[in-house]
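Worksheet: one structure, shown below.
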Amino acid sequence: MALTLSFIVKTFLVQAFFIPSESMQDTLLVGDRVVVSKLTPGPFDIKRGDIVVFEDPGDWLSPTPETSRGPVLDGVRDALMFVGLLPDTSEGHLIKRVIGLPGDHVQCCDAEGRLLINGEPVDESPYLKPGVEASEQEFNITVPSGSLWVMGDNRSDSSDSRFHDPGGTGDKGSVPIDLVVGRAVVTVWPFDRMTTLSDHSEVFSEVPDAGSNRSLGPPAREPHTS
């Protein structure tokens, strides 16, 4: 009965994931375990600022060799992950922060180095890793329908939507909402880092809806020259 309940919870409600990289520092550290709510997307809509876990859209992750502890221990580990009694190793999944929703115009950056979303500059200092810029890579994209533009909080060490959109249109770098597993809501391990995860809605409170783009907003910064 307990195993059945655990499986149902993992399938429909929540799932635990392991953080394998530094792309979300300092919000999430390597080795953290987070709980992801599968009610978003679904009963609850995805919002700008949400931290989401999603399946690899295709070639975002480098192949990693599987480590084996022997067939018996591997089988036990896989079974416990399957029913939700162990956190997923996160193989095949990524975790990033939602910056752009479908139809949003996202641009880097204004003269003060801030991202522009639908023409409105946003101050991301509440969650960006201290000392990093909003983006060293300039881009000017529109998020396709049914997709999200996602970025890591550690912008200098995050292979996110920017890295996977070399054409600069938003088509290749955006993540289909269908691939989103859910929204990360709490860090549960280690115990001294246990905390709820904020969407920092205040950062995006002045951003207008897509389609009401403030095209006369703050000017973009001058391109870098060498």
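Cβ atoms here come from the backbone N, Cα and C positions, even for glycine.
For reference, TrEMBL has these:
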type	residues	note
ACT_SITE	Ser23	active site
ACT_SITE	Lys96	active site
COMPBIAS	154-165	compositional bias 'Basic and acidic residues'
DOMAIN	2-189	domain 'Peptidase S26'
REGION	152-175	region 'Disordered'
REGION	204-226	region 'Disordered'
- line: Spacing of the two Cα atoms, Lys96 (active site) and Ser23 (active site), in whole angstrom, works out to 8
Field: Tertiary neighbours of Ser23 (active site) (same chain, Cβ under 8 Å, six or more apart)
entry: Ile95, Lys96, Gly152, Asp153, Asn154, Asp157, Ser158, Ser159, Asp160
Message: When secondary structure is assigned with DSSP, how many helix, strand and coil residues does the region 'Disordered' (152-175) contain?
response: 3 helix, 1 strand, 20 coil
- request: Provide the number of Cβ atoms within 10 Å of the Cβ of Lys96 (active site), excluding the reference atom itself.
  value: 25
